[in-house]
């Protein structure tokens, strides 16, 4: 069976998300769609899946044109989708999730889960998926949750399987397993659409690559193309994938964390007795799969969490128990992982966001009076220094693109006299140009003799920036390694497999 | 280097609960057992009608009883303490403790009087019935992802419609038939504005309540009271004694000597409990209340499911409203639901959004209310103003986190818009 898209166009107001896109995938083929975040990949697939309606264009399966109004139509046409954000009800069992929408009932309307259970076990065995139909979905690792989505598509007899950024939430090991599973599915004769912005994976799995930029197909490439070639097609100009970094000039110990333990409000231990230090002039990257306690550690560094024990010393001053404002006073810059939620106040202007941390002091305020002109003057300087592309500093922060939002946060945090920079997932969802800028800026801070604590789930980013790498797994630091550690070994650590190599924490 | 011990919030809460229990125990020793000057006899009666086996009345000295049961409470407190140290839930030990303290309290509060235990429980159930109907209505709405503050309005509309129609037709069945429709009509308002126009559901529910109270009060004042013989004197359902079952001691008179509305309630509770977890309807209801975008992705029309369930919830609450008129008094009076819709909402939360939990909570609230009535009749050392507060204090304590881990449906109160998630 083959899926063919012709001239798919979708507009959101003035923005053209998809502009006359043509695309086709055939049986037994893995066809990758490569593009940056915001290039229009997800919009395209949501149209195919029936969650969005196109303004123009046709979708055909096996040469027959389809009208897809809802996911039911696409399911009926044999199109299955594995979503970037899993479409599974967290509190349901695997079996309940799979029957949802296609429920069979028995006597007195009693839900029939037995048939689904058998089907799940059958497919699970066929592809070696190891999925328990009675497990509650929210208790499962994300890799397994993804398999549940794949099983669901297979149970409803999907001949075309679409995977939207499937590796975003996976460990390197889980990614390898997924790629192997996709190969098995290809052998079983299914057509697979693999949507990603990760060059390495696309090269590893795809038979064909279609590259999308700003809603348009800009070309096809073969998987044997060089990474730099794919990257420049994706971004639209030559890109330098390497960050230039001089050797670290290690200074004094700035941050010392000892026996840090963090619990949530129900008493679950999220971070268990971890210790590490960061010196001036180096970047310590904390690597790990999302949700292994990194966010909690980052927040604890600034006094944002309750139920914290242990010690966090910044220049020998204890932070635990201090108020956030006192932590900032000590010279800590903090770039949170969610710029929209925690980094900015979206409805405030760019200028106001740039002085959120210093708005109570001169020159912005005196005796309780606020001086907008002083704010504007400083804002204009920052906008120039950090290359923030905005119409006016009086525009609301929500009007900015992701990359420019992140620059606003960086500009605010790095304009204070700081000695420790805590930066969490700094390039998540950014375009390549912004990633280059952010990476260079982090290296600049390091070269200026600041201690940098970087939290990242992206291995490429960790390798590009780190002077030392700590790996977190299930709330513990299971190893601290040099950046010369191989990807394979780092991947094993991220999956919780300890080895003798690396300096054990 | 300092290394503070982390005390988890859960352990803290457990410790706090144990401390409160210990303090209560001391109070019960001093206030119920030590302080009263002279011991008087307390009589507990267990017979109401012509049950098969006659349970004899139980007579006990008030001071002796208070000492005994305060002492028993200490034992259960000890068990609870041991369980807490092992990190287990307090569970049954806390329940047994509460019961002991309660009996000690009754020994003191009813000194020199006779208490009909069966009557107390029967009255408690009676008062709990509208609460159960109301909380089930809330459950169906909130499990579907729509907050229902308008339970009060649904109950009141049901009561009004049943009373008026019952009176005009002189037929209680006719009243019973229109009551659910009146409740559904209120739901129609709620569903239209909450789902179709995405109006803030808390404010909306409140406004609907004010509207229904205003309309029914107006009609009551202008029409019902001017010619109450025509408009406001509905026949009522008589109690039906279920053969055999109604003769079981203690249980029979309480549960099986009731009106048709109560028997309908039993069926409704059973059906909702079973279908919430074991039927297609329940599965879809929970799906759209938890993660509507996931339901949409498998072809479920989220807003249609929500709309329909809000209407069903209105039917249930409307039927509960009938209990006020054709189920008991026969006449409608202004604001006769008296805030029960809100207590029903509390019962829903206290019951952790499960049907059986909500029923248990509603029974507890109803019982507390009945206790107030009984004690104000027998006469107690407590000022009656305080007794009036009891059900509400129980409600506040219950809702303020004595219940442990409570998780509302994840998308409760969040309007769903198609394709709006990206």
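A Cβ is built for glycine as well, from the same backbone N, Cα and C atoms used for every other residue.
Here is what TrEMBL records for this protein:
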- B:18-35: transmembrane segment (TRANSMEM)
- B:55-82: transmembrane segment (TRANSMEM)
- B:94-115: transmembrane segment (TRANSMEM)
- B:121-139: transmembrane segment (TRANSMEM)
- B:146-166: transmembrane segment (TRANSMEM)
- B:172-195: transmembrane segment (TRANSMEM)
- B:202-224: transmembrane segment (TRANSMEM)
- B:254-277: transmembrane segment (TRANSMEM)
- B:310-332: transmembrane segment (TRANSMEM)
- B:338-365: transmembrane segment (TRANSMEM)
- B:386-403: transmembrane segment (TRANSMEM)
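Below 8 A, the CB atoms of the transmembrane segment (B:121-139) and the transmembrane segment (B:310-332) form 3+ pairs separated by six or more positions in the chain. Among B:55-82, B:94-115, B:172-195, B:310-332, B:338-365, B:310-332 has the largest number of CB pairs under 8 A with the transmembrane segment (B:146-166). Residues 126, 129-130, 132-134, 136-141, 144, 146, 148, 151, 154-164, 166, 172, 175-176, 179-188, 190-191, 194-195, 216, 220, 224, 228, 232-237, 259, 261-262, 264-265, 268, 341 of the same chain lie 6 or more positions beyond the ends of the transmembrane segment (B:310-332) yet place their CB under 8 Å from a CB of it. For the transmembrane segment (B:18-35), the residues of the chain that approach it from at least six positions outside its boundaries are 63, 66-67, 69-70, 73-74, 77, 80-81, 84, 94, 97, 101, 104-105, 107-108, judged by C-beta separation under 8 angstroms.
Residues 137, 141, 146-148, 150, 153-155, 157-166, 201, 204-205, 208, 212, 234-237, 260-261, 303, 306-307, 310-322, 325-326, 415-416 of the same chain sit 6 or more residues outside the transmembrane segment (B:172-195) yet have a Cβ under 8 Å from a Cβ within it. For the transmembrane segment (B:254-277), the most Cβ-contacting stretch among B:94-115, B:202-224, B:338-365 is B:338-365 (pairs under 8 Å).
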